[in-house]
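Engineer: The structure follows.
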Amino acid sequence: MEKRAAAGLEGAPGARAQLAVVCLVNIFLTGRLSSAVPALAACSGKLEQHTERRGVIYSPAWPLNYPPGTNCSWYIQGDRGDMITISFRNFDVEESHQCSLDWLLLGPAAPPRQEAFRLCGSAIPPAFISARDHVWIFFHSDASSSGQAQGFRLSYIRGKLGQASCQADEFRCDNGKCLPGPWQCNTVDECGDGSDEGNCSAPASEPPGSLCPGGTFPCSGARSTRCLPVERRCDGLQDCGDGSDEAGCPDLACGRRLGSFYGSFASPDLFGAARGPSDLHCTWLVDTQDSRRVLLQLELRLGYDDYVQVYEGLGERGDRLLQTLSYRSNHRPVSLEAAQGRLTVAYHARARSAGHGFNATYQVKGYCLPWEQPCGSSSDSDGGSLGDQGCFSEPQRCDGWWHCASGRDEQGCPACPPDQYPCEGGSGLCYTPADRCNNQKSCPDGADEKNCFSCQPGTFHCGTNLCIFETWRCDGQEDCQDGSDEHGCLAAVPRKVITAALIGSLVCGLLLVIALGCAFKLYSLRTQEYRAFETQMTRLEAEFVRREAPPSYGQLIAQGLIPPVEDFPVYSASQASVLQNLRTAMRRQMRRHASRRGPSRRRLGRLWNRLFHRPRAPRGQIPLLTAARPSQTVLGDGFLQPAPGAAPDPPAPLMDTGSTRAAGDRPPSAPGRAPEVGPSGPPLPSGLRDPECRPVDKDRKVCREPLVDGPAPADAPREPCSAQDPHPQVSTASSTLGPHSPEPLGVCRNPPPPCSPMLEASDDEALLVC
């Protein structure tokens with residue numbers, strides 16, 4: 001109900017603002033904030049909003065007396081341009097000075113009454129006609145209220161003026177307003193122009209008994225309305241002409257033994273005035289002389305300190321206490337059932353209590369009182385249920401309230417088709433069995449959802465005979481008036497907490513994904529920030545930064561880029577072979593590296609070398625000792641070859657480990673000593689022995705350096721060693737050579753042949769052997 005009302009407030013235009021005004025008005029009228037909060041949650045903490053065209057509103061616990069300390073509120077919302085008309089059927093609110101204790105408030109009112117419409121007392125108020133398309137209603141009972149007033153019951157209808165026609169069960173006023181048919185000729189002007197009370201030949205449709213104020217009762221057989229005080233009811237004297245004030249009176253003795261299978265009894269102060277100065281204690285023993293169950297129904301009017309105890313079995317304490325009832329159960333009927341056919345009822349009342357005791361009826365289950373009809377029957381052909389052991393009286397027939405679990409008391413009513421049931425209040429509306437007890441109102445007053453003995457599938461049956469949705473069961477919020485929907489629930493986490501946890505985990509997971517995405521994005525941007533601004537010059541600069549390390553000092557001398565210096569080591573044959581192997585491996589590695597680079601990389605490399613590097617020998621052309629000349633010998637496969645057609649140059653000086661002097665700088669031979677002559681050819685210079693030579697091929701041979709006896713003469717000949725002249729020129733052995741140093745080799749060569757390529761290389765590398 002509260003959930004449905006909240007949903008209705010969202011759909012109504014301006015409903016929230018109007019609800020705020022309602023709250024402020026209630027605070028102003030009651031003077032307490034604590035009274036305003038329950039008012040917004042009408043009667044048991046529920047807000048009741050009405051948007052139906054026709055409906056019925058009544059006070060809490062109707063038709064019983066309303067409880068003290070109650071705040072209720074209702075809100076009727078119409079369409080734009082609608083006029084809302086309210087007519088009171090019953091009205092009994094405890095009267096006080098200026099209606100300061102208990103009151104009913106309606107607003108906004110029509111001109112000339114602009115202020116709120118505040119009511120109390122027992123007289124039927126005039127019809128209320130709204131000035132706008134909405135009406136708010138407040139009901140308040142003070143905590144000090146006696147609780148002896150019945151309350152009110154009103155009907156309303158909304159619509160526009162100037163209607164051309166009305167529904168079949170409605171009456172059209174002269175001003176075009178449509179009213180329910182029973183409102184015609186009821187002595188109350190609901191049309192506003194008096195047209196509903198004109199030409200009335202029949203008496204008012206309301207029975208005269210309904211016009212008696214609270215605290216009185218009518219004489220049912222009187223031709224005119226006569227209301228008597230309740231103290232004269234069942235006092236042993238006939239005050240009504242037909243004796244109706246003494247008809248059907250219960251036994252008012254203070255306790256006795258009852259032996260019939262049905263009967264009734266009441267406390268002595270039920271119809272009496274205020275209790276005397278002494279306490280009252282009465283006990284009733286009920287013995288139906290039957291082993292079947294016995295049903296007990298009580299209507300309580302207890303005072304603040306009064307109470308009733310019901311026991312199963314006979315005796316002052318009985319066998320088992322069934323229930324203890326206090327004033328809190330005053331305004332609702334109480335039904336108890338004993339497993340045996342015997343009951344004990346004990347009543348305790350305080351002196352000068354404001355209560356009026358109780359009225360009780362009992363019967364064996366399955367039997368009905370003489371003036372009642374059974375809900376069940378011997379067969380279910382007439383609409384009854386074989387298992388329904390309830391009863392109903394003739395006034396309860398077709399009153400819109402189910403007194404039988406099978407609904408037999410509401411079947412076959414003349415106002416509805418055979419397969420439908422009437423709504424409460426005589427509105428003429430009907431509903432089907434499928435609309436019964438499904439937590440969805442089909443009647444304006446919700447009669448189809450009251451006194452439910454069973455519920456439709458998908459709903460839960462409350463202890464107060466109401467039905468709610470099954471999903472509202474154990475959701476942490478009491479939706480039944482007795483809170484039975486939250487009883488027996490497991491100690492589980494409420495659904496709201498689970499929903500909040502799921503939403504929170506989803507949000508946290510989403511934030512984690514976003515954080516990881518940002519981290520990966522930043523990492524990607526940092527790794528790509530240089531590539532994002534890459535140009536031709538940046539690529540060339542990167543290539544320049546990644547160039548190979550410059551050659552060492554020894555490699556520069558070996559390549560002939562710088563002249564030899566003193567004390568630089570001399571390459572022996574074994575060292576030259578190792579160096580040649582290293583160079584060959586380097587060339588292969590460079591060729592392999594060049595094969596991986598694309599043409600564009602090679603072109604960029606050549607362009608960079610031309611722009612920023614001074615000319616130098618290609619990588620593959622590495623001279624052994626000195627810069628390349630036409631007659632220079634380049635180390636190819638371990639031997640020196642002269643270039644063809646070139647003039648024979650003096651042989652390149654062989655370097656020893658201790659000195660870098662050339663052979664031509666040898667000191668002259670000793671004077672007077674003839675030069676030594678080799679086996680064939682001119683005589684050897686002074687200080688040299690005949691070298692030991694061995695042929696390598698047809699044109700070349702290798703000679704071991706002859707032993708040097710002394711420094712060579714300065715004028716020693718510098719003739720190259722050849723096949724015809726096998727005497728090589730050698731350098732002087734260094735004095736720094738140790739005894740284990742390898743002996744230098746002299747290489748004899750023919751005139752150098754022309755240079756020709758020996759090995760395949762890349763585009764920017766040239767390997768020539770001369």
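The backbone N, Cα and C atoms fix where each Cβ goes, and this holds for glycine too.
Okay, these came from Swiss-Prot:
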- 37-496: topological domain 'Extracellular' (TOPO_DOM)
- Cys43-Cys72: disulfide bond (DISULFID)
- Cys99-Cys120: disulfide bond (DISULFID)
- Cys166-Cys178: disulfide bond (DISULFID)
- Cys173-Cys191: disulfide bond (DISULFID)
- 211-250: domain 'LDL-receptor class A 2' (DOMAIN)
- Cys219-Cys240: disulfide bond (DISULFID)
- Cys234-Cys249: disulfide bond (DISULFID)
- Cys254-Cys282: disulfide bond (DISULFID)
- Cys416-Cys430: disulfide bond (DISULFID)
- Cys437-Cys452: disulfide bond (DISULFID)
- 454-490: domain 'LDL-receptor class A 4' (DOMAIN)
- Cys455-Cys467: disulfide bond (DISULFID)
- Cys462-Cys480: disulfide bond (DISULFID)
- Cys474-Cys489: disulfide bond (DISULFID)
- 497-517: transmembrane segment (TRANSMEM)
- 729-738: compositional bias 'Polar residues' (COMPBIAS)
Engineer: Quick check on the disulfide-bonded residues Cys452, Cys489: which one has the highest count of other Cβ atoms within 10 Å of its Cβ?
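Structural biologist: Of the disulfide-bonded residues Cys452, Cys489, the most buried by Cβ count within 10 Å is Cys452.
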Engineer: Given the disulfide-bonded residues Cys178, Cys254, Cys489, find the one whose Cα is closest in space to the Cα of Cys455 (disulfide bond).
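Structural biologist: Looking at Cα distances from Cys455 (disulfide bond), the smallest one goes to Cys489.
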Engineer: What's the CA-CA gap between Cys240 (disulfide bond) and Cys254 (disulfide bond) in angstrom, rounded?
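Structural biologist: Given the Cα positions, Cys240 (disulfide bond) is 26 Å from Cys254 (disulfide bond).
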Engineer: Just to be sure I understand, if DSSP states are collapsed into helix, strand and coil, how many residues of the domain 'LDL-receptor class A 4' (454-490) fall in each?
Structural biologist: 6 helix, 6 strand, 25 coil
Engineer: Name the one residue among Cys72, Cys99, Cys234 whose Cα is closest in three-dimensional space to that of Cys452 (disulfide bond); these are the disulfide-bonded residues.
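Structural biologist: Answer for the nearest of the disulfide-bonded residues: Cys72.
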Engineer: Considering every residue in the domain 'LDL-receptor class A 2' (211-250), what is the mean pLDDT value?
Structural biologist: 64
Engineer: Taking DSSP as the reference, which of helix, strand or coil describes Cys99 (disulfide bond)?
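Structural biologist: Going by the DSSP assignment, Cys99 (disulfide bond) falls within a helical segment, counted as helix.
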Engineer: Write down the Cα-Cα distance for Cys480 (disulfide bond) and Cys166 (disulfide bond), rounded and given in Å.
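Structural biologist: That comes out at 39 Å between the alpha carbons.
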Engineer: Let me check the 10 A CB neighbour count of Cys99 (disulfide bond). How many other CB atoms are there?
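Structural biologist: Cβ-Cβ neighbours of Cys99 (disulfide bond) within 10 Å number 17.
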Engineer: Other than its own, how many Cβ atoms are within 10 Å of the Cβ belonging to Cys455 (disulfide bond)?
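Structural biologist: Its Cβ shell of radius 10 Å holds 21 other Cβ atoms.
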Engineer: Across all the protein chains here, work out how many other Cβ atoms are within 10 Å of the Cβ of Cys480 (disulfide bond).
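Structural biologist: Around Cys480 (disulfide bond), other Cβ atoms within 10 Å: 21.
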Engineer: Round to a whole number and give the Cα-to-Cα distance in Å for the pair Cys480 (disulfide bond) and Cys430 (disulfide bond).
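Structural biologist: Their Cα atoms are separated by 26 Å.
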Engineer: Count the Cβ atoms, other than its own, that fall within 10 Å of the Cβ of Cys462 (disulfide bond), considering every protein chain shown.
Structural biologist: 19
